[in-house]
Structures are given as structure tokens and as C-alpha cells.
Amino acid sequence: MFGYEFMREAFIASTFIAITAGIVGVFVVSRNMSFLSHTLSEIGFAGASFGVLIGISPLAGMILFTMVSSVAVGSLSTESSRREASISTISSLFIGLGILFLSLSSQSSSYATNILFGSIVGISAKEVQQLMILAVVVIVIIMVFYKSLAFDSFDHIGARAAGLKTRFLSVAFLITLALSVSIGSQIVGSMLVFVLLTLPGATARYLVHSVPKLIMVSVGLSLAGVWLGLYLAFVTNWPVTFFISSFEVIVYFLGLSYKNWKLSH
Amino acid sequence: MIEARNLEKRFGKQLVFKDVNFKINDGEFISLVGHNGSGKTTLVKILMGLEKKSGGDILIDKKQTIGYVPQFRNIDLDYPLDIEQFVRLNLKWKLSPEKRRKDNELVNEILEKTHLTELKHRPLGLASGGEKQKAYLAQSLLNDPKILILDESTASLDVEVKMQLMDLVQELNKRFKLTVIFITHDYELSKKYTKRALFFENKTIKPISINDVSEDMFELGGR
């Protein structure tokens, strides 16, 4: 399958996406931000269609919208009780805008489908390069703040007690999350990017008990999912997203069963 | 030593306390006593620099690190980290292998001190209430604090487990000259482990001998 250039590009792009999403996902799950990451992907859709409308790249539109909205949601939801309501409020606004932008632009509906559900054929060498750079940016940010971010994500109260600047960490993380959503959407689509941002990280929690191991397992499951998905999509001509999400869901339930089995033994 | 001179705190127009004068000596084990909302946690936050005072002075050696053991944590059954990894969250990132080795030694030493060595691989989510409190305590000890603040850490524990935890704190207090500030609603524990208390009442705080504390000072609600 690597005889085809588009497959090589898709393979490289999805490898970077999987590594980024696998790392970020561990923190998404432990910070209870699964719902937010889902919403950000919907907002990403609005951003992409905005990009199409004004003639910039969909990726740039996505980054713009997800960043602005993630920081907005972050500052609106300092009270955890208010978080769900503010996420819903912001996402309603952006989904409405996304539909408006798409109807105003002259792109066909298949273009919208690509943004929403992903595509392995649509990615160019230049886009792959952009993705790689963004993925590296995300990974570097996480590495720089790794210790504090881990402390804050796995024990927010303890981190505050130890004097960590948790507000700053929260904003820094929201920005990396926004970037990760934008990157991930390129292959799996904005509707399902949250699969990669939540399921491998959630599954890892049932299997291992330290932050570095959680990251390794999450990245491993994420990579396995996209590689297998790409291969099966190539062979069957079915959508890649279907295979990735099915794989991650199955592994999630296996992980959950393993944990329950271990508890009863 | 910690010293308050005419310390005052307000939130907007609302007075929390004023005319507060007390000293806490190094290595002392002292209770903070008073009904809910009387400002115990606020005082502790001022000590830690998380909250600003509105007036007066609080003198505390900046070099004295403070370990704070909060009352609540969000640890549910699915919490993934084991006890050792949870404790290690409070370590800084170290590149040099030598420093990392020292960190490992420190973690082992603290797990030993807090009697957690044998439990270190137990997922924290599955640990008992007492084991969790010990883990919180161990984590806050990583900074090598000179002052330890326990914020109602014994509140939800069985009597026996409470005693075990307090015995441990007392041991740390004696062996390492650790100043311990114990926020509590537990009359018996306060009597048993501390010699003095800071009593929060009528918008002020008074240092009193533990012999002068009475059970009604520990009521949860206001009077």
C-alpha cells in the first residue's frame, strides 16, 4: 500500500497525529475534559468552514477557532459546576456559525463530509509538513510543563497546595488541546478526533499505574488504531474513521473487563 | 517561628478576623479550633501566601517550606496512579541521574516514614481512607517542609485509623522537629495530641492552653 504517495502521506500524518493525541489524551481524561475535547472538535468544524469561506486553509481556520474557544471555555468554567453549561453555550454558537459559513461558501457537501468525518486521500505533502510541525509544537509544550501538568492533572488540589500556578497550566493545556484537535481532525475528521483524544488515554487507566506508563500505553493504542485503520481502509475502501473508532472502542471494553477481572481476583 | 501581629482579614466589606496576635514556636503541635466559617482555612491560606492579609503582620521565615494536607481530594475508584506514583507527583523534573537517584531515595525514605512501603504499588483509588490520608501526608512531606498543616485530615476516618494517623504525625513532629498545625473539629484528638490551640471566635483568634478547650468549641455550626 506504500506504493501510493497518498498512502505514504496519510501514514506519516496519522503517525504524528496518533502520538500527539495519545500523549494529550492522558491529560484530557485525567482533567475530565473528554466533553470539552468533543466540543472542540465541533468547533473545529466551524473553524474549517470559516477557513474555506474566507479563503485560508481549513487547518488555519480550525486552529483559530479552537484556540479562541478553548481559552474562552477555560475562563468561563473556572467553577467546575459551570463547566458543562459554558461548554454547551460556546459550542452551540460555533456549530451554528459553522453551518452558516459552509452554506455561504461555494464548496460542495462532500468537502463538509471530509472535514467532519476525515479522509485519507485528501492530504498533501505540504499539509503533512504542517501537521508534523504542529505535532512537534504540542509535544514540546507538554514536555516543558510535563511535571507540573502531571501534578495538576492527577492531583489538582495537591498541586494548588504545593503552590503550582494551576490557572496558567490550565490555559497552556487548553491551547495544546486546541492544537491537537486541529491536527487530529485532518485524518479522522472533526467529529471523531475525540476518539483518539479520549479512548486510548481512558483505556490506559485500566492497565497501568504511573504517568509515563499511561502515556506509553495510550500512544501505543492510538498508533495501533490509526495504523490498523489505515491498512483496513486501504484494503476495504471503507472509511478509515470507522476502523479507528471500532478498534479503540473494542480495546476500551477489553481494558475495562481486564480491570474488573483483576478486582475480582 | 510564626508570629501574627494585629493580623486582619476581610473579604470585601466582610470581616473574617481582626486583632489577631499569636506565636507558634518551631516544633510545636498546635490545634486550630472554631466553628465552620470562622476563618481557620483562611488563616492557613495567608500563612501559605495563597491569600493576602488585609492588615497587620504575619511573620514567617520565607525559607520554611510548608506542607499542606488538604481535606478533600478527587480520588475515585478508577483513579489510576498507585500510592508511590501519587506521592512522586510532588517531585520536580530532574535531568541528572545523580539527582534522580537522590529523589528515589527520598521517596523511599518518606514511604518508610509514613508506613506505606508495603502498600506503594496499590492503586490509590483502591486504598482505604486511612491509607489515602497517609499518601496525602507523604506527598506533602516531599518538599521537606518545616511546617505541616493538616486540614481536617482525620474527619472521615474510623477512630482507630484516626489514632494511627495522628500517632504518625506526632512521631514526625518529635523526630524531625516539624511544626504541626492541626485544623480539627475533633475534641478528643485535639486534647490528646496538642498542648495549645488557636481558638477562632467572635471575629478574632486567641491562643489558649489545651486545658481550656471545651467540647462546645468544636461545634460545626456557628453560635
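Heads up, residue numbers simply count up from 1 along the chain you see.
From the backbone N, Cα and C atoms, a Cβ is placed for every residue, glycine too.
Remote same-chain partners of the transmembrane segment (A:12-30), defined as residues 6 or more beyond its termini with a Cβ less than 8 Å from a stretch Cβ, comprise 36-37, 120, 123, 127-128, 131-132, 135, 138-139, 142, 149-150, 153-154, 173, 176-177, 180, 183-184, 186-188, 193, 196-202, 204-205, 211, 214-215, 218-223, 225-227, 229-230. What TrEMBL records for A:12-30 (among others) is transmembrane segment.
Annotation source TrEMBL lists transmembrane segment at A:50-73 (among others).
As annotated by TrEMBL, transmembrane segment applies to A:85-108 (among others).
Under the heading transmembrane segment, TrEMBL lists A:128-146 (among others). For the transmembrane segment (A:128-146), the list of distant contacts is 9, 12-13, 16-17, 19-20, 23-24, 27, 59, 63, 169, 172-173, 175-176, 179-180, 182-183, 186: same-chain residues at least six beyond its ends, Cβ to Cβ under 8 Å.
Counting residues 6+ beyond its ends, the transmembrane segment (A:167-185) has Cβ neighbours under 8 Å at 16-17, 20-21, 24, 27-28, 31, 33, 36-37, 40-41, 44-45, 47-48, 59, 62-63, 66-67, 69-71, 73-74, 78, 115, 118, 131, 134-135, 137-138, 141-142, 145, 148-149, 152-153, 159, 193-194, 196-197 in the same chain. Among the features that TrEMBL reports, transmembrane segment is placed at A:167-185 (among others).
Feature annotation from TrEMBL assigns transmembrane segment to A:215-234 (among others).
Annotated transmembrane segment per TrEMBL: A:240-258 (among others), in sequence order.
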For the transmembrane segment (A:215-234), distant same-chain residues with Cβ under 8 A (at least six beyond the ends): 1, 7, 10-11, 14-15, 17-19, 21-23, 25-26, 120, 187-188, 196, 199-201, 203-204, 207-208, 240-244, 247-248, 251
Residue numbers, six or more beyond the limits of the transmembrane segment (A:85-108), whose CB comes under 8 Å of its CB atoms: 35-36, 39, 42-43, 45-50, 52-53, 65, 69, 72-73, 76-77
